[in-house]
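Feature annotation from Swiss-Prot assigns divalent metal cation binding site to HIS399, HIS401, ASP403. What Swiss-Prot lists as nucleoside 3',5'-cyclic phosphate 1 binding site is 607-721. Annotation source Swiss-Prot lists nucleoside 3',5'-cyclic phosphate 2 binding site at 734-851. Annotation source Swiss-Prot lists compositional bias 'Low complexity' at 121-146, 191-220. Annotated compositional bias 'Pro residues' per Swiss-Prot: 147-160, in sequence order. The compositional bias 'Acidic residues' feature in Swiss-Prot is assigned to 221-232. The region 'Disordered' feature in Swiss-Prot is assigned to 121-167, 180-241. Taken from Swiss-Prot, the feature region 'Phosphodiesterase activity' covers 357-503.
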Amino acid sequence: MMFSKRKSIRFNPEGDYTELPRGGYVVPSKLGGIQFGVPPETIKDSMALKIDVPTIYVFPEELWDRKTGINAAEAEFPAYFNYFILKRKVSFVCTKEQEQRIRIVFQETLLGPPEFNTGIIINSSSSTTDTSKTSPIKKQTSSSSPPLSPQQQQPPPPLVKQPSQQQLEELATMDTCHYHHHHHHQEVNDNDNNNNTTTNNNNIEILEQQQQQQQQQQQQQDEDSTDVDEEFQKEFSSTFPRSEIPNLEKECKYLRTFNSVDELFDFILFDDNGIAKLSDDVEIHFQEDQSLFKVLQFEETGKGNKVQTLVATIPSKILFPDMINSISTINDNKIFDPPTFGITIIGSSHGFDPKKSTTGFVLWINKRGIMVDPPLNSSSFLQSQGVPTRMVDHIILTHCHADHDSGTFQKLLEEYQITVVTTPTILGSFLRKYGALSNLSTDLLRRLFIFRPVMIGEPMIISGAEFRFFYTIHTIPTISFEVFYGGKSIFYSGDTCYDPNRIKDMNKRGIMKTSRMKFFLRPWNHTVVLHEAGVPPIHTPVSVLRALPDEVKNRLYLVHISEHTLPAGSGLKIAKEGVAHTLSLDVMKSSHSEAVDILKLVESVDIFRSIPLTQACEILQTATKRKYSQGSVIIARDTEPDAFYVVASGVVCVNIGELKKNLIVGDYFGEMSLVMGGLRSANVQAVTDVEVLSFNKEDFLSITRNSTESIQFITRLWEMRNEKSWETMSLNSVFSRCTNSQKTAIQSILVRELIKKDETLWCKGEEALFGCLVAEGSFVFKEDDSLESFSQGSFLGDINAMTTQPPSIHKTTVVAKEESVIYKVLSQDLIKFFSNNPGIQLAFLDTIFVDALRDQVQQLVNSKLTY
């Protein structure tokens, strides 16, 4: 199995199928469309293509794509849409092992953390519908379950016929309270009507009942203070009254419209022969050795006989569109200048809107970005509008529904470790959910990022601004926040059910504390209010927001809403997406903001990473900001070196011979000739208007002189730049996707070494002290000489063995087929590189080689920056 990845077969689908824009395929059958691969927001593809939203979903061989960071089994919204909107169940076709993993995902996203399911029951009227009656697929708990009867194989009855496109959009955005099993809102209104028509005797009886309810409520609230989990209590400040800590389990269950995840879906499992029987007439065959699925169904021959026909052949490893991250230099050569305090909306809609992205935004503080619930491919979105995502160094994760966390995992795998801000409860759900999807341990996932835990009831300083976080009213633990900076403030609601009637009802039932009720009903005294207006009953009804005073609506921007559901003449407005619509608040900059800007920029420069804090003062005193207009020459070839530069904004192009590289914020240039001597070897020109941080020659040498690590870094880099290391990395299937900064960091840990023909690189059983990038020649594994040889661009090395401490032993023996050249990397250096580049670490994980691009076509690096 060590070499299975090299032997895996990739082919194009064949037969009758529809390819989906976001990835995956839909194959027609007697049972309706069968979808293979389930990427985030996949139902939007069906809606946009005007095809029926499938009820049968086949999970691919790998549930998560390491290359793109995309979840290939995002089954949440297909299940939600079919269950809540179309009133029917879905069927998931997969292996037994995949079923167990998917159940963990739905546990977290539908029911919340396991400790939230202690058996508490919310008393209310119920009219639960058996939705399984409308499902065309019978529940099968194992692959040996009997096939469906002919009656069960029939399409859904007319009442659940697939709606038209217009009906789908209306259904997906209407008030779905009539789907809600508990009818909380209706109960409040009914009670109000009854109170107006009762007799005096009944009024007295009602008053007595209300007094009794109040006593029971107080008693229940006293009991709740001891019911709350001890670990959950630790998320609240020591000054937060223990009696006022919310019972989120009760609040979540009040909003929940089901009692078990099995109400939403069934599983159909592949048997030991790789066959999943959907019915007597329809089967899916999984041929693992060929990496494919086959859809087969029986057709009548006309003589009472049936013949099995092949409908389609689909790859079992779904390829998703690879969003090549490139910084745009269009838009009149202007580069985005982030506000000191403001918001850039990436997406403003929800998971059922085919025309818009799910809600997520960048909160700008001191020109640094904090991404809140990043939508999928959010970095590509920003870069397409001229915003380097290196400007974003924090993520706020509000909760673990797919429309809010799908892009979070992807964002964690980008350049540098990012800081995640959320509560331990929400982070725990996130790690369990994505640990199950990726099949990686939660310990490993936790090491991919820096965690800053939220403390409820206590101010938190992030990027110089003061944050206060709260738990909202939602079906799983969710946070919102308010942030204060420079005399202005922004409030973000997060996903919440802001409905005064229901909030009061929760208090009346003893589900919500009175102090918490008053908190949610308080006025919004903030400069800007960013509030959700999603699909009730678990979101905020637009009618409630429409009734707000005009003074509030002037400061209110809506998210989590589709455009066609905004009532005309309501005085409400949807937050506009894109950099051009960035909302900037006029605030006074902090007296330290300039120094912070410089230090944050210098922090990203490899050369300065080993510089002690005691030299920070020297850096601040010697750094100078310079501006260059578009087209200006910053450095001319064959001139005397006089300064070192760090890009602060804009894009510059470095031209060395035939090699061109675009550099962006945090990239640097001009260091080589300062340290190694000689004239400038490159031309550097401003592609856009540019601002750089410059250090003159004497100051730069003074800062780095006493740092052995800095000098060694530059020396190694100089040696590798005289090699063809950059071109060689561009031939590797993983390194080719690295940013310029990452490639530079890799160059600094490589050492050239000549290997003779038939020389052994390492033997099986030896300690894994190094790996290598093949620069010239070729190598083979003795354990499997039937493989093609590994040539230029291939990386060889047992990554798991190299990255344990101390390194463990090699499982293979590698021999040179001819005289070769390698770029050697020590295990200890690779570990350090991985710690700063978690996405590359995951791409290498569990490998003994990372193959060269099979077509050996070198990626061009002179048109756009791969980022």
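Quick reminder: no glycine exception, Cβ is built from N, Cα and C everywhere.
Classification of LYS697 (nucleoside 3',5'-cyclic phosphate 1 binding site) by DSSP places it within a helix. Residue counts for the region 'Phosphodiesterase activity' (357-503) by DSSP state, with H, G and I taken as helix and E and B as strand, are 45 helix, 48 strand, 54 coil.
Using Cα positions, the member of the binding-site residues HIS399, ASP403, ILE809, LYS824 nearest to VAL652 (nucleoside 3',5'-cyclic phosphate 1 binding site) is identified as LYS824.
Within 8 Å of the centroid defined by the CB atoms of HIS399, HIS401, ASP403, the record's divalent metal cation site, lie the Cβ atoms of THR109, ASP373, THR398, CYS400, ALA402, HIS404, ASP405, ILE476, THR478, ASP495, excluding the listed residues themselves. GLN712 (nucleoside 3',5'-cyclic phosphate 1 binding site) has ILE749 as its nearest neighbour among the binding-site residues HIS401, ASP403, VAL734, ILE749, GLY839, going by CA to CA distance. Closest to HIS401 (divalent metal cation binding site) in space, going by CA atoms and restricting to the binding-site residues ASP667, LYS697, ILE749, LYS824, is ASP667. Cβ neighbour count within 10 Å across all protein chains ranks SER794 highest among the binding-site residues THR622, GLN712, SER794. Of all the binding-site residues in the list ASP403, ILE607, THR622, the shortest Cα-Cα distance to LYS764 (nucleoside 3',5'-cyclic phosphate 2 binding site) is found for ILE607. Of all the binding-site residues listed here (ASP403, ILE607, ARG637, ALA682, LYS697), ILE607 has the Cα closest to the Cα of ILE749 (nucleoside 3',5'-cyclic phosphate 2 binding site). Taken residue by residue with DSSP, ILE607 (nucleoside 3',5'-cyclic phosphate 1 binding site) is part of a helix. When the C-alpha distances from ASP667 (nucleoside 3',5'-cyclic phosphate 1 binding site) to the binding-site residues HIS399, PHE779, SER794 are tabulated, the minimum falls on SER794. Under the DSSP three-state reduction, GLN712 (nucleoside 3',5'-cyclic phosphate 1 binding site) is assigned to helix. Note on proximity: of the binding-site residues THR622, ARG637, ILE809, the one nearest ASP403 (divalent metal cation binding site) is ILE809, by Cα distance. Taking a C-beta cut-off of under 8 angstroms and a sequence separation of 6 or more, VAL734 (nucleoside 3',5'-cyclic phosphate 2 binding site) has the following same-chain neighbours: PHE795, ILE840, ALA843, PHE844, VAL850. Taking the region 'Phosphodiesterase activity' (357-503) as a whole, pLDDT averages 94 in the prediction. Using Cα positions, the member of the binding-site residues HIS399, PHE779, SER794, ILE809, LYS824 nearest to ARG637 (nucleoside 3',5'-cyclic phosphate 1 binding site) is identified as LYS824. Each residue contributes its Cα atom, and for ILE809 (nucleoside 3',5'-cyclic phosphate 2 binding site) and ILE607 (nucleoside 3',5'-cyclic phosphate 1 binding site) these two points are 33 Å apart.
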